[in-house]
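All remarks here apply to the structure that follows.
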Amino acid sequence: MAGNTIGQLFRVTTFGESHGIALGCIVDGVPPNLELSEQDIQPDLDRRKPGTSRYTTPRREDDEVQILSGVFEGKTTGTSIGMIIKNADQRSQDYGEIKDRFRPGHADFTYQQKYGIRDYRGGGRSSARETAMRVAAGAIAKKYLREHFGIEVRGFLSQIGHVKISPQIIGEIDWEKVNSNPFFCPDESAVEKFDELIRELKKEGDSIGAKLTVIAENVPVGLGEPVFDRLDADLAHALMGINAVKGVEIGDGFAVVEQRGSEHRDEMTPNGFESNHAGGILGGISSGQPIIATIALKPTSSITISGRSINLNGEPVEVVTKGRHDPCVGIRAVPIAEAMMAIVLLDHLLRFKAQCK
């Protein structure tokens, strides 16, 4: 399994499984003399961690991060930063029945076919629990971007199932509202509808998909390395690598199919751009406008409704997932998406400074 690292100058490698002893990551490329402690990282982990509201999995993990290396007397040294989070609330017995069965819609089948072995407890390496370390690494990236470049990376939930936030709100996000509710949603009326929908799904034992948007503001012009390391290509790669993500849009995304060139092009004046249909990226290079990315997440297949599948011998079986799971994985994905965008932006900023200025 070689796909555990992302980035070139700012590099993040994660390790660990859902029901293992701990999760961990190594972060290379953090410039020296950045003031850093666990307290700078923990707030983002607390936004992602399970068991914090009735809308997410009841699994309870403190997700307390510990910095092992790369920080001395409260500042980064320029060497590798190692971090771990110990797992505490595993209930591996919940997964005994699927040891020899493949959960439909999960990575069980493909991991078994590829490697000939799999950790069936909570999905092992394929579990979204792994993303805790991405959030930890992303918190470092967000801090550096904010303090050294004035770049803010923030996200919000825009849709769960058929319930969408008001289009008018998207143009002027109230970030205080986003942080004031467990859905990370800027639309108070949508929050009430989200609540009703999730309650209904939990009663039925089912799940639902979601859509969320991440915005990076104050990004300078020039980030991105055409042609294969375009900024939008690397963002799509990073965001698509989040568990359950099935679609990524930059700017207007798939809506461009119905637009005409006269509408979609972002006209320019001496005062700047007149619109931002491109999502802040032109020709794979940041334009100086806000970078906007939207991701779609599938409904989790971990539900209590029986589903057809096969076992290791290829025989038909019925599968019911008994573990603790999110009725909508999109809710806790907001800080994960923020982290992945921040990791990509810092990597490209360091590459830009090394080559251009």
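Using the three backbone atoms N, Cα and C, a Cβ is placed for every residue, glycine included.
Taken from Swiss-Prot, the feature NADP(+) binding site covers ARG48, ARG54, and the record attributes it to sequence analysis. ARG48 (NADP(+) binding site) is surrounded by 24 other CB atoms, counting those within 10 A of its CB over all protein chains shown.
Here Swiss-Prot flags ARG125, SER126, SER127, ASN243, ALA244, GLY283, LYS298, PRO299, THR300, SER301, SER302, ARG324 as FMN binding site, drawing on sequence analysis. For SER127 (FMN binding site), the count of additional Cβ atoms within 10 Å of its Cβ stands at 22 [all protein chains shown]. DSSP gives SER127 (FMN binding site) a coil state; it is part of no helix or strand.
As annotated by Swiss-Prot, region 'Disordered' applies to 36-60.
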Cβ neighbours of ALA244 (FMN binding site) where a neighbour is any other Cβ within 10 Å: 21
Cα separation, ARG48 (NADP(+) binding site) to LYS298 (FMN binding site) (Å, whole number): 18
For THR300 (FMN binding site), the number of other Cβ atoms found within 10 Å of its own Cβ: 23
